């Protein structure tokens, strides 16, 4: 769920998920349109696409089990829905960590009017 995703983000990046990722670029936060603006925004785009694939599992609410091991995240559920949602969140949190070097504050509160073009999942 979103609280577990937030915990993953903190653990993987050291950043506050609300201030750092809730309104970044064209896809980090609610909704999304246009082309992702950088690698971090693309992490959010891929996460949105992943949630779309598992929407019947109610990904924003679904509780799953996971742990942090050797600097990474391990999803623990055998339940297919819970595991799928966990994997969406794990991949995104890891993507944020892997792209910290290109994270750019100019994309905070990015105006939606600048989000043009189209991108397919």
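Heads up, the Cβ atoms here are built off N, Cα and C, so glycines get one too.
The active site annotation in Swiss-Prot covers 47, 89. The Ca(2+) binding site annotation in Swiss-Prot covers 27, 29, 31, 48, and the record cites similarity to another entry as its basis. Per Swiss-Prot, the feature disulfide bond maps to 26-115, 28-44, 43-95, 49-121, 50-88, 57-81, 75-86.
Structure coloured by features recorded in Swiss-Prot.
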residue	record	contacts (Cβ under 8 Å, 6+ apart)
31	Ca(2+) binding site	none
43	disulfide bond	28, 92, 95, 96, 99
47	active site	27, 88, 89, 91, 92, 95
49	disulfide bond	121
50	disulfide bond	87, 88, 91, 92
81	disulfide bond	54, 56, 57, 62
86	disulfide bond	4, 64, 65, 66, 75, 76, 77
115	disulfide bond	25, 26, 32, 33, 34, 35, 37
Check: Out of 28, 88, 121, which has the highest number of nearby Cβ atoms, where nearby means within 10 Å of its Cβ, if these are the disulfide-bonded residues?
Finding: 28
Item checked: Pairwise CA distance, residue 29 (Ca(2+) binding site) versus residue 44 (disulfide bond), rounded so that it is a whole Å -> 8
Notebook entry, point to check: When you measure from the Cβ of residue 57 (disulfide bond), how many other Cβ atoms are you left with inside 10 Å?
Noted result: 19
Next item on the list: Determine, from DSSP, whether residue 27 (Ca(2+) binding site) sits in helix, strand or coil.
Entry: coil
Margin query: Check the DSSP secondary structure of residue 75 (disulfide bond), expressed as helix, strand or coil.
Written below: strand
Next item on the list: Count, for each of the recorded positions 26, 29, 44, 48, 89, the other C-beta atoms lying within 10 angstroms of its own C-beta, and report the residue with the smallest count.
Entry: 29
Check: Which state, by DSSP, holds residue 115 (disulfide bond): helix, strand or coil?
Finding: coil
